[in-house]
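Worksheet: one structure, shown below.
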Amino acid sequence: MVAAQDDGAQRKLAHTLLLELMSYQFASPVRWIETQDVVLGQYRAERIIEIGPAATLTNMIKQTVQSKFLHSDRASLLQRQLLASEKQGKDIYYEDDGVGIGTGAEAPAPSAKTQAQASGGAGTIAGAGSSTAPVTAPPAPAAAKAVPAGGMQAIEDRQAQAFEIVRTLLSRILKIALTDVVGTQSIKSLSGGRSTLENEIIGDLASEFGSLPDRAEDLTVNDLSAALQKTFTGQMRKVILKMLHAMFASKMPGQFTVATARTYLHSRWGLGSGRQDSVLLLAIAQQPGSRLKEEAEARSFFDGLVQFYADEHGLTLGANSGAADETSGLGGGLVMDQKTLAALTGGQQELSKALLKIYAKHLDIDLDGDRRALHDLQATVEKDLRLALDQIHQELGEDFTDGVQPVFSARKARRFDSAWSWALQDLLQLYYEVSRTGGETEVDLAAKRCKHIEDAADPRLLDVLQRIVGRFEQQPVLSSMFTQLAQRCRDSLLHGPRYLARPDQQGPRTTISAEGDITYTEQERAEPVPLADLVYLPKSTEAAPLEPFLHLKQRTGGSSAWTYSHDLTEQYRAVLEQATTVGESFAGRSVLITGAGVGSIGAEVLKGLLAGGARVIVTTSRFSSSVVRKYQDLYTQVGSRGSELVVVPFNQASVQDVTALVNYIYDAQGGLHWDLDHILPFAAMPENGRTIEKIDPHSELAHRTMMVNTLRLLGAVKARKEAQGSRTRPTQVILPLSPNHGVFGGDGLYSESKLGLEALFNRWHSEDWSDYLSVCGAVIGWTRGTGLMSGNNLVAEGIEELGCRTFSQQEMAQCLLCLMFNTMCSLCEEAPLYADLSGRMGAVQNLRQKVQELRTEINETANTRRALLEELAMEARCSEGPTPTIDSEPAKATATPTLTAHVRLDFPPTVDYNQEIKPLTADLQGMVDLDRVVVVTGFGEIGPWGNARTRWEMEAYGEFSLEGCVEMAWLMGLIRYENSSSPGWVDAKTNERVHDHEVKHKYEEHILSHTGIRLIEPDRFGANYHPEHKQLLHEVLIQEDFPELEVPEATAQQMKLEHGNKVDIIPDPEGGDQCRVVLKKGAKLMVPKALRLDRMVIGQIPTGWDARKYGIPEDVISQVDPVTLYMLACSIEALLSSGITDPYEIYRYIHVSEAGNCVGSSLGGFNSLQQMYRGRYMEKEVQKDILQETFVNTIGAWMNMLLMSSAGPIRTPVGACATAIESVELGYDTLISGKAKFCFVGGGDDFGEEVLYEFANMKATANTVDEFEQGREASEMSRPAASTRNGFMESHGCGVQILTTARLAIEMGLPVRGVIAFVETSSDKASRSVPAPGRGILSKAREVRSSSPSSSLISSPLLNISNRRKRLDFRKKQIEFARETALEELQLEIAHVEESEVEDYIRERTAQINAEAQKDLRNAQYHLGNAFWQNDPSIAPLRGALAVWGLTIDDLDVASFHGTSTKLNEKNECSLIQAQLSHLGRAKGNVILGVFQKYLTGHPKGAAGAWMLNGALQILDTGIVPGNRNLDNVEAELQKNEQIAFLNRSLDTGRGSMRAVSVTSFGFGQKGAQTIVVHPKYLFATLEEQEYEEYLDKRAKRQKKADSFFYRGLASNRLFELKTAPPWAPQKELETLLDPTPPQTNVDDRVARSIVQQESAEP
């Protein structure tokens, strides 16, 4: 009946039935007690499931079971399972990780208590929090015997031994392999005497085993293990369990727990719990490097450990192949695999699906309807789109559709307008070149530079020229040259820059040698004819008169034909002459050029416009850093005062780009806001080889580019001019026409494109845009060397013989530029002009045929000569016999020698005494106290470009030499030296021999890709670090109870401590150390999330750099922070750079208390800080003594412990980015005060994502994403002083210098690289900004000014070194008089001495008197030499420090700037240096050369000043002043700093020409620092000639020894000698430290022998 009813009746009936049933339910008694009796008693139900929102009924049933059925259930062994769907869904659906019965991998025999319970003893019911609630304890399963699942024969179990635990602990703590834990060694010997490690090991052993034997650290591992075994229970305890669980938590897949591993070891390998412990101990010691992702990987990992264990213990194990496929994560011996579980649950899933379909059918719901509708819609849309795209591709072709893609981006625009800076740079380069060569320089190049200097000159350039003229007073020729240049600059300042044409009068020349080689050259024409003369009509003997090579045409009457116009041509001739005489100014004009690729006619036009002062926007379709750099170089060479060049990416085939380009030019907001005066649409595309039947999509694309979109471009300009009402300033359009109207053929639609442009001549009259655009068509002739015509260069000479004139690019550019002169522009505004610049190409009949004939003739002539030569050679062979083969002796004798790399330490060259030193001795000899003069004898560096030597090659020369490539390849682990029967370099991977000359070719590309400033290479900074995936933690409150987690009991208690009642702990019913935890609703979780950082580029040390290369041992590498490793390597470099191969050598000259260390850092051991905070927080494995590695002073401590073993002063500067120069100040003060005579200084820092992130938050660093969007490469992103700079680039590494007293350096023969003349730090004014740029170092120029009107004429007489010398001479006489007086009084003194002691008394007293006299003399030298200026308010510290060496502020040649590439730093720093120089009276025009090193290295914080100081010393050494190659355009605001020259290329000033260099450094926290280093020749001038010669002899021997040691170190990777004992014998420690007498008497004999052996070693 129901079935027969319709749907409405059925719903009504169902509603009525529901109401009746609910009424019955509410009206009837519950009868819950009776229901339970029936279910539990009558039916004896074992599995009861409650479906509902809470476990209400389940809890009631539990109480009933406890009160009524507990004893009967035990008696009958009945087990009940009570489940609630709200909590135990997985158990209900059998979806848990597994179902098992048993105790673990191998269940032990049931205990007596368990057996009693199984016989009916009392059991317990699990609490309400249990996932399953067994009512009674189950009996021990029969399967839990000694037979594993799978039926495999069990292995006899054996407890883990104490030795295994001891070995595991030692392996993990010492970070060594298990095989390196030798049983016969003690803990003390294994830890290398590191007490911290010893204490950690002993503490962990005590925690694990309880009491330990006395002096456990001195027992061998075997003896210690045997002693511990006596009381060892065989159970893993606190320390090992913590390591075990940490290993599983960090290295195993999420579901692979300790219990899972035990189950697997039991089921697959039959291992009992004891042997499982042994394998787990192996896992702790040999854990994988990173987390295993799949359980299969984990099982494979444990398989390997089992095999290792079996081999170690001589076991033969057979694996149960089926066990590996079973589900993991089970706690018992019975295992239910996935197939069985699927079989159990599969029926339920099928039933659910069937019910769903029935309900859907009943409700008339189509379950697949929406999916089908969406699929049909998607298919329809996709089909239509695909059809449309296919039609477009078929119609237009792939070349066309790809070729019209837009590329324009206003963000990528590059602007160049700092011509003033490049003019000064050209002037300085010209000056130093003529100074070095005595005036012998390339004439043409000098003339071009002079023209550029003239065009771009500003008033300060005149001051520089005036000073240069003064320096060449004794050289009349050079003085005259610069005087004339100065006059032309003055004229240019009066009249403005002008374009002046000086094209080369050269013609084409094709020659064919006797060997048949074809050569094309440009040679001076035999009869040069100026371009202006090419407009004259030639004499014609033909019936039809010939037109001039260059002429203008006009229309006659109403005809559309163009004919020669004498009047217009005469006007054109006048401007051609004007171009070579007075020129033309383009100042104030705005020009657009498309198609001005380097080497094109457009590029030459661009040069002329820039030389004339125009603003030009040029487009390029191949926008890249290399292309932009070519335009930058072009502007640098020719840009004049007021000119500007803008380069943008642009595809003229794209309509979108045409619109965007014009908008960018005219828009005031975000654009240039220009109104164009000229447009040169020169963009073209070659179409070679395309005849009429081969017109293809490329031809259409070219036609669109050269004609269609040219018209669109002009239309867009017209629209913008009309919109802004610009009717009185029409834009001149130079249309690039062609005489090739199909004459050549085979060039696609090229001629049609050019002919199409000629229609504009008529449209100018017929349309409404003549007020906005004027038109000048230029028929461009045969131009040699362009992209379109370079292939025809060989026939150009022959073409000229046919009566056609060919042009160079410069000549054609002049012709076109003259069309833009004011005269021609005025003519264009009246009517379109037609300029025929074809050189009468159209007059040559059958041009294509003629060209082919010429080409054929050339090739035939060449082939004939080659054949003739070959025939002659054959005749010679036949008449003279066989020629020698390549293997014959003569051939070998004449083989070209291969290049050999001479990698060596860069000792500075010796200074010639007569030429460079002697002229200074008159003032300086004997004028300073050498014990209080501080010199730099050596330096080291680890940075993005390797060491200091390789960094200098890139900084000074822009490329690596062969030696630089060899050293970098060694440093990066690409090659190694093999000492075999045939020693030499071999490839580190293939072991193939690599000759020296092959290294650069083979490895340079790889080296350049993995050095310098580049995208972050995550592998260097931790396995889980990537800048695009910075991990952060997000706190959440969970909304429902989590599924159970299996964790160690200790972890569970810790979670309980943190979360309180939000955590339920379910103990393991078998009493194991694992338990289950339920995180309840409301618990707090920290969920990892990732942040995409936009700082992805930094300066990084070379990929592959490894401290092992220096011989630093593995135990040190594993112990110390990377910054310490950098500092150790730097210290080794610095020592070798000083010629010191064994640091203990210095103790033959000074006491151990006189060697100091002042190295510092801004952050210290940053990697260790990360581990200490993040690693500990995340419970990663971290060494126990990590705290000590975080201290800044630990770096210097390791240097002393492993290298120096000194007892001298140790001071640790922390000055942020100014740390290194602050370190120099500390070292300087330490030496000047006499506390030390030898000192390490410098700084170092590492990189970390935390610092990167925080600098980004401060907006201090450049945004990498923005930089890439602007078209910058990684290497360009640090641009100090550039107008587009936008933040610094982080970097890392370290730098070290060795400072000594001058006397020690001379005594030891150490190389003197520079004198520290001055170094001080300064704080700043009141502020609230820690990183604000400081002004404090201005105080280094402080001095009292006289109130006299002529105060500039008054200065302290002490500044005159002659005055000081007179005073010193007088003081010397006083000292000598005092000494003589004391010696005379000695006779009175001995009257009171016993006769037997008189001789000794006289000798000792005489020595004392002489020593006092020497001390007085040194004090006099110091106070009248080194420190005469100190505490004198009338002498500025900078002025006084220079005056010590006879120098003035005008002798400060170079300033090395901190230059971080931030907006504020350069403005502040440059203004500071400018203020210092001006205040101290530096002469006008005497510019200081600015160096901005961080463009190359990035900003390494603590190491910054050290790298800059190293560079400053290299400048003094070589005379090369490096340019800032990333300085594409100097910020306009920096132009006001008239005393500073900003360079973007290196200047070679000549070796020995640099006198003093300033280095400034600034750090967060008000740290400002400045130091001045002076050339060592000024120090040598204080010595007698004999002293200097003796010093050179010592230095030469030292250099020879150091080079030999360095060669051997490179070959053996042993540049570092680990010091294991101090330089004195153990029994002499007290004597050595307390006795200040000559230290060599206390140096250990073994050390002395080592030094002697090194000195006698052959190189």
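Cβ coordinates are placed from backbone N, Cα and C, and glycine is handled just like the others.
On a predicted model such as this, the values are computed, not experimentally measured, just so you know.
In the three-state DSSP reading, Cys1217 (active site, for beta-ketoacyl synthase activity) counts as helix. Per Swiss-Prot, active site, for beta-ketoacyl synthase activity is recorded for Cys1217 (among others).
A coil conformation is recorded for His1458 (active site, for beta-ketoacyl synthase activity) in the three-state DSSP classification, outside any helix or strand. Long-range C-beta contacts of His1458 (active site, for beta-ketoacyl synthase activity), restricted to its own chain and to partners at least six residues apart, with a cutoff below 8 Å, comprise Cys1217, Asn1465, Glu1469, Lys1494, Ala1504, Met1508, Thr1560, Ser1561, Phe1562. What Swiss-Prot lists as active site, for beta-ketoacyl synthase activity is His1458 (among others).
Residues annotated as active site, for beta-ketoacyl synthase activity in Swiss-Prot: His1499 (among others). Around His1499 (active site, for beta-ketoacyl synthase activity), the same-chain residues six or more apart in sequence whose CB sits under 8 Å from its CB are Gly1099, Cys1217, Ser1278, Phe1288, Met1289, Glu1290, Ser1291, Thr1460, Ser1461, listed in sequence order.
What Swiss-Prot records for 160-235 is domain 'Carrier', and it gives sequence analysis as the kind of evidence. Counting residue by residue with DSSP, the domain 'Carrier' (160-235) contains 47 helix, 2 strand, 27 coil.
Here Swiss-Prot flags 1030-1575 as domain 'Ketosynthase family 3 (KS3)'.
Contacts of Ser195 (O-(pantetheine 4'-phosphoryl)serine) defined by a Cβ separation under 8 A and a same-chain sequence distance of 6+ are given as none. Annotated O-(pantetheine 4'-phosphoryl)serine per Swiss-Prot: Ser195, in sequence order.
Annotation comment: Swiss-Prot describes 114-139 (among others) as region 'Disordered'.
The region 'Ketoreductase (KR) domain' annotation in Swiss-Prot covers 588-826, and the record cites similarity to another entry as its basis. Averaged over the region 'Ketoreductase (KR) domain' (588-826), the predicted model reaches a pLDDT of 92.
Residues or ranges marked as region 'Disordered' by Swiss-Prot: 1631-1659 (among others).
Secondary structure from DSSP puts His1499 (active site, for beta-ketoacyl synthase activity) in a beta strand. Other C-beta atoms found within 10 angstroms of the C-beta of Cys1217 (active site, for beta-ketoacyl synthase activity) number 28, with every protein chain shown included.
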